[in-house]
Amino acid sequence: MMRPSLKVNIGGIELENPIMTASGTFGSGKEYGDFVDLNRLGAVVVKGVSSVAWKGNPTPRVAETHGGMLNSVGLQNPGVEEFIKKDIPFLRGYDTKIIVNIAGKTVEEYCAVAERLSKEDVDMIELNISCPNVKEGGVSFGTNRDMAEYVTREVKKYTKQPLIVKLSPNVTDIVEIAKAAVDGGADALSLINTLTGMAIDIHKRKPILANVVGGLSGPAIKPVAVRMVYQVAQAVKVPIIGMGGIMTGEDAVEFMLAGATAVAVGTANFMNPTATTDILEGIEKYMSQYKIKDIKEIQGSLMI
Amino acid sequence: MKKNLKARITTNHEIAPGIYEMIILSKELSLEGFPGKFVNLYLEDGKHLLPRPISICEINAKEQVLRLIYAVLGKGTKKLSMMKENQEIHVLGPLGNGFTVEKGTGKNIVIGGGVGVPPLLELVKQLEGATDVYLGFRCNPFLVEDFKKYADNVYLATEDGSEGHKGNVLELLKLQNQEGDMIYSCGPKPMLKAVSEWAKNHNIDAELSLEERMACGIGACLVCTCKAAETGDEDWEYKRVCKDGPVFSRDEVMWE
């Protein structure tokens with residue numbers, strides 16, 4: 001029997017399979033390389049990179065919640081030059097695609113990172129306009145229709161790679177923002193980033209996070225994410241990378257049925273270091289159970 | 001090399017109020033263990049997603065076991081304390097950078113506070129030089145007898161005065177006019193800060209093991225950072241407690 005095809009296409013780039021890592025949960029793959037064969041991942045989406053080094057927020061930066069977790073890292077990263085020097089050569093040693101998540105406080109900063117990376121050997125750019133943990137930039141671009149379109153259009157001018165725009169769920173109408181990003185020239189969309197949340201230590205009467213609020217991720221947010229992927233898939237033609245609480249192959253299939261072309265695994269990596277490849281095997285099992293020969297048969301095949 | 005495996009629990013019981021001893025059987029982990037490193041324990045119940053980072057208290061390669069001592073502080077560690085003998089537990093480790101045992105050939109001063117005491121036991125076992133141990137607890141001390149087996153002297157302080165000196169270990173250190181060539185310490189931040197200052201004033205090298213809320217435990221997620229700088233470098237950065245630490249050198253850590 002022929003091996004079923006798990007190949008997916010995002011913005012003209014073919015991935016061996018639909019499994020990606022969610023930015024910020026996997027570093028640049030080095031740490032997980034001890035446990036996971038990185039060659040088996042469709043793409044590694046690296047932690048957000050800015051034009052210069054960002055220190056990030058004070059600690060504690062994490063709080064566990066029922067079926068989820070809050071983080072307020074604040075995009076700590078060594079800056080784009082360090083990333084180019086150290087992480088690209090490492091990842092190029094593997095047969096996987098490199099997607100660089102880029103962050104900025106201003107439109108100019110986003111453009112500067114995109115331009116710098118346009119000369120480098122990376123496969124795609126993911127524009128992060130949805131981080132809830134930084135004061136300037138980040139989510140402020142992702143919660144306003146006109147800003148979302150504008151920043152996408154500007155960054156698109158400076159990048160040579162396909163551009164993915166990562167959307168925030170902290171909006172009234174996700175479809176409006178999704179359309180705006182596509183109007184701005186997005187080749188694909190990633191959704192969802194974390195939901196803004198909060199947890200309180202009742203004994204100290206203090207927020208657990210030093211930043212007071214943070215981004216909620218994990219299975220607790222999955223139904224919201226599936227709903228948003230479904231709604232956006234009805235409204236746009238570009239491929240969607242679905243994420244938000246994917247822990248198993250079944251979860252990944254759910255996102256693809258709702259309309260996702262690929263999926264990203266985030267918080268699950270913390271619960272199980274081999275989550276990415278375990279989820280890939282789960283998808284393969286589902287395909288074999290239903291005798292599906294090509295993963296494209298699943299994408300958007302929800303029956304209503 | 002880090003191992004990602006299932007290990008069998010041979011013991012899991014309370015040794016002091018809220019303090020538990022768990023012994024896990026794993027040949028692979030027992031061969032890789034090192035003083036000051038830790039392991040991630042996974043609850044795998046769908047509610048508590050994050051692993052519990054627990055320091056390694058003792059390693060016995062002959063019996064192929066790791067001894068872990070942990071405090072029940074929240075729902076996750078409560079759940080951990082309810083796991084039974086013969087149950088299997090998902091373990092990742094050993095993780096982090098441990099103590100530099102090689103620095104301990106002269107006179108050593110080992111200072112532990114509360115739940116920071118356990119990782120110092122394996123260290124004291126492995127140190128070559130003479131070792132004086134200072135242990136501080138709020139109340140209800142634990143592991144004191146274990147330290148007496150391997151240390152030259154063990155000094156005890158409790159905040160409530162129920163056992164040993166009434167007060168903290170720093171006072172005790174000063175009372176003893178303690179001298180030494182190398183300090184190793186693990187405990188709450190205020191204690192570590194005081195130890196660090198004392199070490200600096202006495203011009204003694206020190207290694208300090210820090211604790212911070214973690215997620216991945218392997219250096220990828222950047223949630224467990226601490227302010228750190230290279231020696232003499234005024235420009236600090238957030239370093240990862242799980243990967244760059246948990247053991248840092250005296251001059252590396254920038255105290256708030």
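Here the Cβ of each residue, glycine as well, is placed from N, Cα and C on the backbone.
Pulled from TrEMBL, these are the features on record:
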type: DOMAIN; residues: B:2-101; note: domain 'FAD-binding FR-type'
type: BINDING; residues: B:R52, B:P53, B:I54, B:S55, B:G76, B:T77; note: FAD binding site
type: BINDING; residues: B:C216, B:C221, B:C224, B:C242; note: [2Fe-2S] cluster binding site
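Positions of TrEMBL features highlighted on the structure.
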residue: B:R52; record: FAD binding site; Cβ contacts under 8 Å, 6 or more apart: B:N40, B:L41, B:Y42, B:L43, B:Y70, B:G76, B:T77, B:L80
residue: B:P53; record: FAD binding site; Cβ contacts under 8 Å, 6 or more apart: B:F38, B:V39, B:N40, B:L95, B:M214, B:G217, B:C242
residue: B:I54; record: FAD binding site; Cβ contacts under 8 Å, 6 or more apart: B:M22, B:F38, B:V39, B:N40, B:L41, B:L68, B:Y70
residue: B:S55; record: FAD binding site; Cβ contacts under 8 Å, 6 or more apart: B:G36, B:K37, B:F38, B:L68, B:I69, B:P118, B:P119, B:C186, B:S209, B:P246
residue: B:C216; record: [2Fe-2S] cluster binding site; Cβ contacts under 8 Å, 6 or more apart: B:V223, B:C242
residue: B:C221; record: [2Fe-2S] cluster binding site; Cβ contacts under 8 Å, 6 or more apart: B:A215
residue: B:C224; record: [2Fe-2S] cluster binding site; Cβ contacts under 8 Å, 6 or more apart: B:E212, B:R213, B:M214, B:A215, B:R240, B:V241, B:C242
* Local backbone state of B:T77 (FAD binding site), from DSSP in three classes -> helix
* Which are the residues of the chain, B:R52, B:P53, B:I54, B:S55, B:G76, B:T77 excluded, whose CB is within 8 A of where the CB atoms of the FAD site average out, their centroid? -> B:N40, B:L41, B:P51, B:Y70, B:L80
* Asked: For B:G76 (FAD binding site), what is the tally of other C-beta atoms lying within 10 angstroms of its C-beta?
  -> 19
* **Cβ neighbour count within 10 Å of B:C242 ([2Fe-2S] cluster binding site)** => 28
* **DSSP-derived helix, strand and coil totals, residue by residue, for the domain 'FAD-binding FR-type' (B:2-101)** => 14 helix, 51 strand, 35 coil
* Structure fact -> Chain A neighbours, taken from binding-site residues B:S55, B:G76, B:C216, B:C224 with C-beta distance under 8 angstroms, are B:G76, B:C216, B:C224
* **Span of the FAD site, taken as the largest CA to CA distance across B:R52, B:P53, B:I54, B:S55, B:G76, B:T77 (Å, rounded to a whole number)** => 16
